[in-house]
């Protein structure tokens, strides 16, 4: 199943190549492949080094899914300082940039999903580009100013990690696993299988969310963009497989709302909540979830969306002057014109990335 509404790349000249990023990315691949196939094949490595590699991969993965993605990018819950510190450390080991760097681009992705010019890893630019091609370039994102960053700039953990990201990533992602190998006399094996190989695993599993999850799978909640749900992806990414749900309800702390959805990240967040370490968990209302699934079920069954019913408005008919009175009567009111209706969108502010800034501009 290919991404719908596929459009060509923007006609402007390509952005400059990010040579340092591209070189590190390719050299890490070369070193990991050489080490795993020729220098220290798995059958020559201590079993503890292989277990270490699995742990490093999964822990870094949770640092990305729980920390970078759900906590910081979508503000789906709030966490106490110790949890934020641990998630920042684990995310650093994922070698995907700092929290701030990652979140700003992810918020931009949600704001302009599938836009070939403004979505950093738009699926409409092709499978390879959305998977890993985008990281070879250093573009200037013209719409980045629309993305809210105040919460990131105000978080001391985010600021510290952003300032010291490179040494943190190298230590927790490469050096520490290598040193741990000395405990069982297999430093080189731990370096390859605990340091290098997990880098490739966490990279490409995360990249699959940008590529495969926008190309193949189900759309039970919405077809307004290319996001799709994929069970295989959920197994590889700590539960990020229900991507269609995540794009439809991005502020939800769950990637999948049902008990049958494989989502270890959701279970860990729930456990931390029961321990009092995280709070403010946000989830979609059941009526909104049912409305979305009923709509898509009807559309899949009949090939077209249900006809919208005419609603007879029995309330007060406002003129522009009345709208001005309403806005001036309350502080912080956000009134939006939708068709022939004035809609009070005040409660929406904060539900998604940078809504106030987008509405103002």
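Glycine is treated like the rest: Cβ placed from N, Cα and C.
Bear in mind that TrEMBL entries carry predicted annotations, made automatically and left uncurated.
Note that the structure is predicted; figures quoted are calculated from it, not measured.
What TrEMBL records for this protein:
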| type | residues | note |
| --- | --- | --- |
| TRANSMEM | 17-38 | transmembrane segment |
| TRANSMEM | 50-69 | transmembrane segment |
| DOMAIN | 50-250 | domain 'Fatty acid desaturase' |
| TRANSMEM | 81-103 | transmembrane segment |
| TRANSMEM | 165-184 | transmembrane segment |
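A Cβ distance under 8 Å defines the sequence-distant neighbours of the transmembrane segment (165-184), meaning residues of its chain 6+ beyond its ends; these are 46, 48-49, 52-53, 56, 60, 88-90, 92-95, 97-98, 101, 190-191, 194-196, 198-199. Remote same-chain residues near the transmembrane segment (81-103) are listed as 28, 56, 59-64, 66-68, 71-73, 149, 152-153, 155, 157-158, 160-162, 165, 168-169, 172-173, 199, 202-203, 206, 272, 277-278 (criterion: CB distance under 8 Å, separation of at least six residues from the stretch ends).
On the 0 to 100 pLDDT scale, the domain 'Fatty acid desaturase' (50-250) averages 97 in the predicted structure.
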